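The feature signal peptide is assigned by Swiss-Prot to 1-19, with sequence analysis given as support. Per Swiss-Prot, the feature N-linked glycosylation site maps to 87, 172, 239, 240, 250, 299, 343, 412, 419, 436, 468, 535 (among others).
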């Protein structure tokens with residue numbers, strides 16, 4: 001029987017090697033590790049190689065891990081067409097164009113959290129009644145345009161504001177003119193039914209947010225720009241970031257247009273009413289501060305009343321997808337594009353911008369607390385601006401180092417625990433456990449693993465097997481489990497002290513397409529064991545105020561409830 005179980009579980013758990021992706025816990029690691037230094041050097045060489053191949057003359061790159069800038073570099077000259085030009089630096093300004101939408105989305109969530117707008121699903125005309133547009137749809141709710149629809153490109157609006165770009169910010173493209181033109185136009189689709197990228201939508205979103213402030217408490221001439229400057233730029237120390245080109249004209253690196261090897265500098269157009277969709281000028285250094293903020297790494301140092309403080313739930317919304325695109329491997333969020341990286345089995349969240357010789361991309365790998373901002377100051381066809389290739393270099397290295405750091409932590413904890421423990425009884429067992437696939441410190445469990453090992457069945461043919469502990473890799477010291485042929489690993493429940501009969505199991509043999517539907521890379525369930533004492537009495541841990549005194553030697557596992565089924569040992 002044991003031989004049969006061994007062969008069965010050997011086959012079942014072989015697919016742990018080809019399982020749903022799991023991600024190590026981001027912790028501080030030595031940035032001078034040779035593997036990291038090589039990775040950063042490889043990224044440096046990658047950028048230089050790509051620049052040469054694509055004819056890019058100036059470029060900036062910033063990479064953040066957790067709360068630190070770990071790589072930053074400027075390439076080329078401030079102005080390639082000026083033979084006397086100084087080198088480009090991390091503090092020179094450039095246009096980030098549609099990356100501006102990140103700030104507009106941040107503003108939306110903050111005003112919602114502050115109660116300035118009641119709900120993301122409010123009709124924007126409740127706040128901006130001057131906005132009108134025609135609709136072929138008859139039902140009242142089909143004519144609504146909400147904050148959420150604008151932020152996720154599902155509003156049904158056209159892509160562009162009804163003005164020529166060269167007229168932005170002039171007397172030919174004022175708010176009055178724009179609203180008058182829109183009032184004679186129609187929605188191109190029913191809101192929420194179609195993903196259709198819209199610069200107009202984000203400009204309207206920012207202006208509606210400004211109107212909500214004007215209604216409630218602010219009387220500034222331009223409440224959108226004023227609010228973003230004073231509630232995002234200034235608190236984050238983004239002192240060289242602005243909507244006003246005149247403020248930084250002498251510090252701005254011009255964008256270049258490459259026309260078959262002939263380079264020219266397009267004239268700098270204003271944004272005017274369209275600023276919320278693409279009007280920000282920033283620097284590589286300032287964008288590094290934004291990366292740290294959006295990774296949630298500076299919240300602990302901020303007062304909860306700070307204008308730049310972000311609730312964890314708000315950050316989760318900001319980074320959540322809203323609607324799947326037709327290709328099935330990408331989706332729009334508010335505002336990030338979510339793209340699945342098959343190379344690394346994870347989602348990359350990004351927002352790019354492309355305007356007048358500037359092509360920028362901000363990207364996040366949330367499970368690893370990595371953020372990147374790359375900007376080409378020359379027109380280039382790469383919409384991700386080489387960030388995806390850089391991520392392909394970074395992830396294997398960070399994964400290896402973080403996994404090793406986790407194992408080292410366990411070994412150190414085990415050594416410390418062994419040195420400090422003078423006696424060992426049969427009522428406690430030292431186990432190394434994982435919650436959400438990240439290593440945690442040693443835990444002294446009330447229920448030893450040996451008590452759980454065995455075969456559980458019921459009259460419906462369900463079979464639940466628990467074998468012994470693993471001794472390798474990510475699954476170190478966890479129990480191997482099989483339920484109806486599916487491979488699992490058993491972890492401790494977070495409240496194991498109070499509820500020692502509850503355990504967490506993780507499924508590991510799912511296909512990659514299935515894995516894509518699972519947030520954070522793991523598919524977990526909770527299971528509930530029932531124990532009897534030597535007299536056949538069921539132990540009720542919930543009603544035992546002193547379950548520390550339960551004699552493990554006289555306990556027997558009676559049953560387990562897993563995914564709605566009750567199985568008996």
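Using N, Cα and C of the backbone, Cβ positions are placed for all residues, glycine too.
Keep in mind that this is a model prediction, so the values were computed, not measured.
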Count of other CB atoms lying within 10 Å of the CB belonging to residue 172 (N-linked glycosylation site): 12
Fewest-neighbour residue among glycosylation sites, criterion Cβ within 10 Å, set 87, 239, 250, 343: 250
Lowest local Cβ density among 240, 535, which the record lists as glycosylation sites, within 10 Å: 535
Among 172, 250, 343, which are recorded as glycosylation sites, the nearest neighbour of residue 87 (N-linked glycosylation site) by Cα: 250
Of the glycosylation sites listed as 239, 240, 250, 343, 535, the one whose CA lies nearest the CA of residue 172 (N-linked glycosylation site): 250
From glycosylation sites 250, 343, 535, the one whose Cα lies nearest residue 239 (N-linked glycosylation site): 250
Alpha-carbon spacing, residue 343 (N-linked glycosylation site) to residue 250 (N-linked glycosylation site), which is rounded to whole Å: 42
Separation of alpha carbons, residue 240 (N-linked glycosylation site) and residue 250 (N-linked glycosylation site) (Å): 12
Between residue 535 (N-linked glycosylation site) and residue 240 (N-linked glycosylation site): CA-CA distance (Å): 75
